[in-house]
Amino acid sequence: MSRLLIPRDDLDGEAAALIPGGGETGRIFRQTDWARTPLGPVSGWPQSLRTIASAVLGSAVPNIVLWGPDLVQIYNDGYVPFLGVKHPWGFGIPTRECWPEAWDFNEPIYHRVFAGETVSLVDQPYQLRRAGPDAPPDTVYITISYSPVRGEGGAVGGVFITLFDTTSQVTSRALQAERERLTRDLEIERERLAAVFQHAPSFLAVLRGPDHVFTLANGAYYQLVGHREIIGKPVIEALPEVAGQGFIELLNGVLWTGTPYLGRELPILLARTPGAQPEERYVDFTYLPLVEGEGERVGIIAHGFDVTGQVLARREVERLLAESEESRREMTRTNELLSGQQVELEVITEQLQENAAELEAQTEALADANLRLQASEGRLRGIFDQTPIPLAVMSGPDHVYTIVSPRYTAFGGGRPLLGIPFRQAFPETLEGGLGEILDRVYEAGEPFFASERPVFIDRDGDGVPEEYLFDVGYQPLRDTNGQVYALVSIANDVTHQVRARGELERARAEAEEANRAKSEFLANMSHELRTPLNAIGGYTELMELEIHGPVTTGQRDMLQRVQAAQRHLLTLINDILSYARLEAGRVEFDLEPLSARRVLGSLDALIAPQAASKQIAYQVLECDGELRFMGDEERVRQILVNLVSNAVKFTEAGGRVVLRCDADAEWGYLRVEDNGRGVPAEKLESIFDPFTQVDRRLDQPQGGVGLGLAISRDLALGMGGDLTAESTLGQGSTFTLRLPLVRGD
């Protein structure tokens, strides 16, 4: 208890007459023995002290006045939370005695105020011992204003303080900044991984659940299966033609056992074009189990390459080489047959005449075999000459070029290749390890494929190799004994495609950064503007309280206009800040089942006075009590208040504004209808665009900047719904908020 208190409510009649109310601190004021304080009894107080004490104790805003040389404290109920255990002891005592921990900071400020200066601080940290003298101090952030209070002679007699505890806002901003930083880092990493996934040269897809539902697929996968809708569908529904080909069984096996599956050049029939017959493709692929949590297998990752082109090219080469080998064997058999018939000259001399016909037939067979061999080789070379694929055959362990397509010769700059070993033909590539790769493929008999592999080639012949990017493949060719005797080389130059893709990615990143910077600027600008606007509101309220002297009726009217303008500008800034947060994806939604009847009914207290002031009939039609939808109640109410306020604003006196609700099988609809001015048909599509106003002639002093409908639609989309409009010029408009319906159990 204060050492100045006496348990009576009428200790000083002047005090009781001055402060009849004032809450708890008003009662303490009346019970304080002011004669024992430096201020003396209330009857001796100057009129300026009486006025400021009455204003402080009657204010709902946290206020305190410090009076006289000792700066004796008189505060109101709003100031009590700042004191902690120091209340009510701190009432009526010098401020230095109550707040010794803050005296060194405050004393210079008090000198400035007694010199006639007003001092304002925003989010100033103070160390306050509010839990007792032995407890550690609390760090409290305060937005505070110190103003001089002048006595009857014009001299400053005290300090009037208005203050607000902003600790939670400061802490919240720091936490929000950290959350935003973490969110940005996560988004950057997510986008990087998404880009790697989407632009991988191999096909990738993620399937979840026992039905193998597609959840992700990259561009290479769509190129394989055709551009059809597969996301969200089971494999058997998305790709019905694969049924019976064994792939569903492979997926089941990997999901059940957790054992990956690797397939090489497996054929698959795919209907890549709607209405067309399935075509056969060949794929190298892997099915990997997707594991989450405590090792639970929740799906499968499909990864691989479409190797149809390589398989078909290799098969054609193998077929042609097999024909050539068969011709060679036939010639060998013919030669062996001739050798077996070589006998002693003296033995065959007497039989020469009768064997002449047989020898002639055998000679003709040999010539025919040679012709077939030459034709086979000619067909093979013709294929290589006409193929659009850079293709070559390198024979033997030294990889000597024996067949080369024109496209293959072109990427080397037109240098001679036939009959030349690889290392001699392309010496500039040896540091890149291509020679060793060819050796491994030849020795191990295993093919090699790589996408976008960097290779340095001197195409101009100036001795300065330049970097190019190739999709390369080396496929071993085997003879009838299974021995590798040559390699088929495929080298497709993708340098321009890769560089163009990089430029596109950089351009997109720059655009995204510019958009982020714009949103951040709007948010920062709005925050910086709100602080002085709040101060304007506080000071106009203080002026209305006549703290600095009497206010005339004309001045009070002007103050009310300033306050109205301040509230309007603050609303506009809040709209800009809300739009910036929505555009940056920083608005969180607390979705829950909501009653349509309760939500519409809650608007009556907000809208009915506004409609009545314009003589507009405002009506909420009866809603089905069972109709519920999923949404964030605060955001839904924000949208509806904006829509109804617009309807009232643009409807003339005597008009009507009606709210109603209905639903279909999936959606709940909240509709705002009016018979006001309406929107021209050619402008109806643009009314939801940011900073758009239908008719500048319709602007009123309280008009906005054209963000209300844009924010409302973005909020609706963020809750899984939408906001649409229908209107006829001169007859009125209907705005419909659509939200997901909550079905009964």
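The backbone N, Cα and C atoms fix where each Cβ goes, and this holds for glycine too.
Given the ranges 441-468, 497-524, 693-720, the record in TrEMBL names 497-524 as coiled coil. Across the domain 'PAC' (450-506), DSSP assigns 12 helix, 31 strand, 14 coil.
Averaged across the coiled coil (314-379), pLDDT in this predicted model comes to 64.
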